[in-house]
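Novice: Here's the feature list from TrEMBL:
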type    : residues      : note
BINDING : 16, 18, 212   : Mg(2+) binding site
BINDING : 153, 154, 187 : substrate binding site
Ligand SMILES: CSCCC(=O)C(=O)COP(=O)(O)O
Ligand SMILES: [Mg+2]
């Protein structure tokens, strides 16, 4: 088995979700499919609620910022009169959500709506999150060794808590010291990792970030964070240069702590 030594200065493990703790197939086939199948009905049912209106307003603001992009779907400022106008507005939001999802965009607006929609699916037990089998034992071991463990995902913090709170391994939320999402900044921007270190109260070189996406690894590394790229079944392939450059692990059990026996 390949072993990667965790540098002695590391006191925090920062984990990505999709492709790192959780199969991409689970996210696509369960979480994202649920959104596509239910978004129209969700908007029709919850339209009058303040939370839903906040989600729509954020999506509208994002649509304005995206207006220069090819294929972007605008969301009108106000619906026309009557139920026809409302249905047209809802359809515009649905089309915008489908367009963003077709590009796997990680905008805060999209992720906020998705998180709110998954609330029902997780709490009613329709969806249970899945983790690679090495994840939970390794996180427990790291914590026993005194490390802190945080999550940094494009999925909203609310969605992250639903995922770890309703899984095939039960509610494992207590295993995490905290959660970060795109509200702190995008995962491909170095500044996000400096802000995370600041928020945790440590230096960037005290953090080891595990992710499947090399652009995220590169941004974290630029901020002084230690990184390892996680290679899991179903993840996007890496180039030969990426395979040579990055520390790669295929299981969390390949991480060796200086204090491990
Ligand atoms: C409950 S997290 C949902 C996963 C998600 O929406 C997503 O975009 C995953 O992105 P990640 O940054 O974890 O790769
Ligand atoms: Mg990922």
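Any Cβ shown, glycine's included, is placed from N, Cα and C.
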Novice: Measuring Cβ to any atom of ligand 1 with a strict under-6 Å cutoff, which of the binding-site residues 16, 18, 153, 154, 212 qualify?
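Specialist: So the answer is 16, 18, 153, 154.
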Novice: Within 8 Å of the Cβ centre of 16, 18, 212, which other residues of the chain have their Cβ, at the recorded Mg(2+) site?
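Specialist: So the additional residues around the site are 17, 19, 20, 21, 22, 24, 153, 211, 213, 216, 230, 235.
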Novice: Between residue 153 (substrate binding site) and residue 16 (Mg(2+) binding site), what C-alpha distance do you get in Å?
Specialist: 5
Novice: Counting only residues 6+ apart in the same chain, whose Cβ is under 8 Å from the Cβ of residue 18 (Mg(2+) binding site)?
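Specialist: Within the chain, residue 18 (Mg(2+) binding site) has Cβ neighbours under 8 Å at 24, 27, 153, 154, 155, 212.
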Novice: Can you tell me which of these binding-site residues sit near ligand 2, meaning the Cβ is under 6 Å from at least one of its atoms: 16, 18, 153?
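Specialist: Those binding-site residues that pass the cut-off, since their Cβ is under 6 Å from ligand 2, are 16, 18.
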Novice: Report, as a single number, how many Cβ atoms besides its own are within 10 Å of the Cβ of residue 154 (substrate binding site).
Specialist: 24
Novice: Per the record, substrate is bound by 153, 154, 187: how many Å separate the farthest pair of Cα atoms?
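Specialist: The span, Cα to Cα at its widest, is 8 Å.
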